[in-house]
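Quick notes on the structure that follows.
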Ligand SMILES: NC(=O)c1ccc[n+]([C@@H]2O[C@H](COP(=O)([O-])OP(=O)(O)OC[C@H]3O[C@@H](n4cnc5c(N)ncnc54)[C@H](O)[C@@H]3O)[C@@H](O)[C@H]2O)c1
Ligand SMILES: CC(C)[C@H](C(=O)O)[C@@H](O)C(=O)O
Ligand SMILES: [Mg+2]
């Protein structure tokens, strides 16, 4: 019996997670779920963000489904760092998997692109880089104030995510992998990434490789998305590139992600790429598709590949059947996709 920890979180998080669970229950009845009240409400009520006891309980689950965290009433970073990043780091989610696909029936803002032109996956490093929290502030509040954030890149951390990306590229028809970095400026980390990429690449002679600086890659994402099959990159570049990937594939409401611990030592965590969207919270108009596609990634990770394929196919059918330009009603999307997989 699969046991799933559910963190609805803030803003539209609980709204989209409810639809993800609707689809999960329809395609794989009997998954045991435990809800965790984490996020802004708990923080305001108790001052707690992620108590150790809760983290330990989460560790005992097969997987975690998360909506989003972040709230305009909570200082920036408290929930994002204290909850989301804490879980990514504690559960060693070193592969942050973010597929981008333009489905039939979905309009891309890019002129002339067709479904099939955008079908790639970003393997974003999830535990290092500028996200580690190294740095600080000197002379705060004075004219001499200096703030630093350091990027940490370990050989083992870089190597394991690059190897994962190579092996994903090897299992896809095009067998193409692009390393994205900024080795012309970030010469220390860039050199480690590119040397490691070359060395690990020797284990995968059938994978075609390419390197792009992140500024050029950002341009090619919106001018020639067909160039990409698998992309591997560091934590911050991956964060930014995957919002671009979402935008060109029809919007942030469709972009799924998995924070994966490939060793399965800890539970992996699945969540939409988007945030808590305070501007549309409570209106019933958030698109739950990203969360439902994240449920497909979750099912795949847990070995339920048929169910994962069924969910993705149902999403594709639903998107193809949507009235162009018509708004989304959150619960209706969940109802329709759940009905298709039942
Ligand atoms: N994984 C996460 O938990 C996560 C991710 C990103 C941002 N955040 C947090 O969320 C809060 C808001 O951040 P933001 O505004 O930069 O990003 P956001 O993704 O929440 O919203 C950006 C825009 O996209 C729209 N949008 C987002 N999800 C949508 C959906 N499912 N359907 C339709 N429209 C959708 C929003 O309405 C908004 O206009 C911040 O506190 C931020 O730190 C959390
Ligand atoms: C909320 C924030 C910590 C997070 C990130 O930067 O990774 C978000 O933007 C994401 O893309 O999941
Ligand atoms: Mg982001």
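Heads up, the Cβ atoms here are built off N, Cα and C, so glycines get one too.
Record features (TrEMBL):
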{"type": "DOMAIN", "residues": "3-337", "note": "domain 'Isopropylmalate dehydrogenase-like'"}
{"type": "BINDING", "residues": "88, 98, 124, 215", "note": "substrate binding site"}
{"type": "SITE", "residues": "131", "note": "site 'Important for catalysis'"}
{"type": "SITE", "residues": "182", "note": "site 'Important for catalysis'"}
{"type": "BINDING", "residues": "215, 239, 243", "note": "Mg(2+) binding site"}
{"type": "BINDING", "residues": "275, 276, 277, 278, 279, 280, 281, 282, 283, 284, 285, 286, 287", "note": "NAD(+) binding site"}
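Feature annotations (TrEMBL) mapped to structure.
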residue: 88; record: substrate binding site; Cβ neighbours (10 Å): 19
residue: 131; record: site 'Important for catalysis'; Cβ neighbours (10 Å): 20
residue: 215; record: substrate binding site; Cβ neighbours (10 Å): 12
residue: 239; record: Mg(2+) binding site; Cβ neighbours (10 Å): 19
residue: 275; record: NAD(+) binding site; Cβ neighbours (10 Å): 20
residue: 277; record: NAD(+) binding site; Cβ neighbours (10 Å): 22
residue: 279; record: NAD(+) binding site; Cβ neighbours (10 Å): 9
residue: 281; record: NAD(+) binding site; Cβ neighbours (10 Å): 19
residue: 283; record: NAD(+) binding site; Cβ neighbours (10 Å): 13
residue: 287; record: NAD(+) binding site; Cβ neighbours (10 Å): 25
Under DSSP, is residue 124 (substrate binding site) helix, strand or coil?
strand
Identify which of the following binding-site residues, namely 124, 239, 243, 277, 281, place a Cβ less than 6 Å away from any atom of ligand 2, and list them by sequence position.
239
Which binding-site residues, if any, among 98, 215, 239, 279 have a Cβ under 6 Å from ligand 3, given in order along the chain?
239
Other Cβ atoms within 10 Å is the metric here; tell me which of the recorded positions 98, 124, 182, 243 scores highest.
124
So of all those recorded positions, 124, 131, 182, which one's Cα sits nearest to residue 287 (NAD(+) binding site)?
124
By a simple count, how many Cβ atoms lie within 10 Å of the Cβ of residue 285 (NAD(+) binding site), its own Cβ left out?
15
In the three-state scheme derived from DSSP, which category covers residue 131 (site 'Important for catalysis')?
strand
